[in-house]
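This report concerns only the one structure given below.
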Ligand code: ADP
Ligand code: AMP
């Protein structure tokens with residue numbers, strides 16, 4: 001088969017991946033970055049939970065089992081959900097900072113969690129500009145998740161599922177970080193301090209992406 005190019009042109013569509021262990025603060029920081037930089041925030045976990053609950057979905061049971069067991073949902077499902085969500089956003093948002101003249105900016109949170117997803121997404125959908133990598137200790141993450149579990153209603157915010165999620169993160173997601181680190185495309189941010197402290201660093205990193213991108217477009 002002839003090689004295909006990605007659906008979206010990375011010179012116009014900025015994709016920043018957000019990774020880190022469960023409970024590291026990906027969602028929390030993403031929300032703040034969305035407000036400041038007018039991103040579309042796509043959480044792989046949220047998209048999968050929505051698909052799991054969608055009436056008539058043929059993937060509902062599969063997704064439910066993977067989430068409970070803390071394992072990776074097959075990449076075809078996750079990538080298609082992301083691609084569809086990106087397409088819908090680009091159709092809907094055609095004005096505003098970062099969204100006119102065919103531009104777009106996406107913060108993709110909790111993805112790619114495994115190397116095969118990273119390769120497939122960049123081959124078929126869009127090249128990424130950077131991966132924000134939030135790090136803290138398992139002890140801190142466990143504490144945050146158990147606290148979140150009191151109100152989140154999530155089936156996987158319990159000690160048994162959390163331990164499995166830590167294992168999946170170490171075995172499957174760390175190789176993704178190593179892959180992008182070799183390309184100098186990882187910004188590691190210590191997410192142990194307060195939300196606002198962490199955000200100060202995250203904001204500077206993202207600002208730099210757009211500054212460099214703007215320069216590149218002007219050359
Ligand atoms: P993730 O998306 O990485 O799983 P969340 O952003 O949902 O993590 O954060 C997990 C929990 O920890 C949430 O209840 C959130 O309010 C809390 N949290 C996030 N960042 C911090 C922080 N820097 N300090 C203290 N609590 C935090
Ligand atoms: P999260 O909401 O990011 O904590 O993800 C919750 C669960 O959804 C994970 O433990 C996985 O089972 C599944 N999941 C989230 N993101 C992905 C992904 N990129 N690929 C496969 N499964 C995922």
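FYI, residue positions are counted from 1 along the chain as it appears here.
Heads up, the Cβ atoms here are built off N, Cα and C, so glycines get one too.
Any TrEMBL annotation is an automated prediction that lacks curation.
The ATP binding site annotation in TrEMBL covers 23, 24, 25, 26, 27, 28, 148, 193. In the three-state DSSP assignment, the secondary structure recorded for residue 28 (ATP binding site) is helix. Neighbour count (other Cβ atoms within 10 Å of the Cβ, all protein chains): 16 for residue 28 (ATP binding site).
The annotation ribonucleoside 5'-phosphate binding site is assigned in TrEMBL to 49, 71, 72, 73, 110, 111, 112, 113, 117, 154, 165. Neighbours of residue 49 (ribonucleoside 5'-phosphate binding site), defined as other CB atoms within 10 A of its CB across all chains, total 17. In the three-state DSSP scheme, residue 49 (ribonucleoside 5'-phosphate binding site) falls into the helix class.
Look at TrEMBL and you will find 43-73 tagged as region 'NMPbind'. Sequence-distant contacts of the region 'NMPbind' (43-73), counting only residues of its own chain at least 6 positions beyond either end whose CB sits under 8 Å from a CB of the stretch, comprise 22, 26-27, 30, 81-82, 85, 108-111, 113-114, 117, 155-156, 161-165, 167-168, 172.
Taken from TrEMBL, the feature region 'LID' applies to 147-157. Taking the region 'LID' (147-157) as a whole, pLDDT averages 96 in the prediction.
With a cut-off of under 6 Å between the Cβ and any atom of ligand 1, the binding-site residues 49, 72, 110, 117, 148, 165 reduce to 148. Ligand 2 lies under 6 Å from the Cβ of 72, 110, 165, out of the binding-site residues 24, 26, 28, 72, 110, 165. The list of residues near the region 'LID' (147-157) in space but at least 6 beyond its ends in sequence, with Cβ under 8 angstroms from a Cβ of it, reads 23, 64, 67-68, 70, 165.
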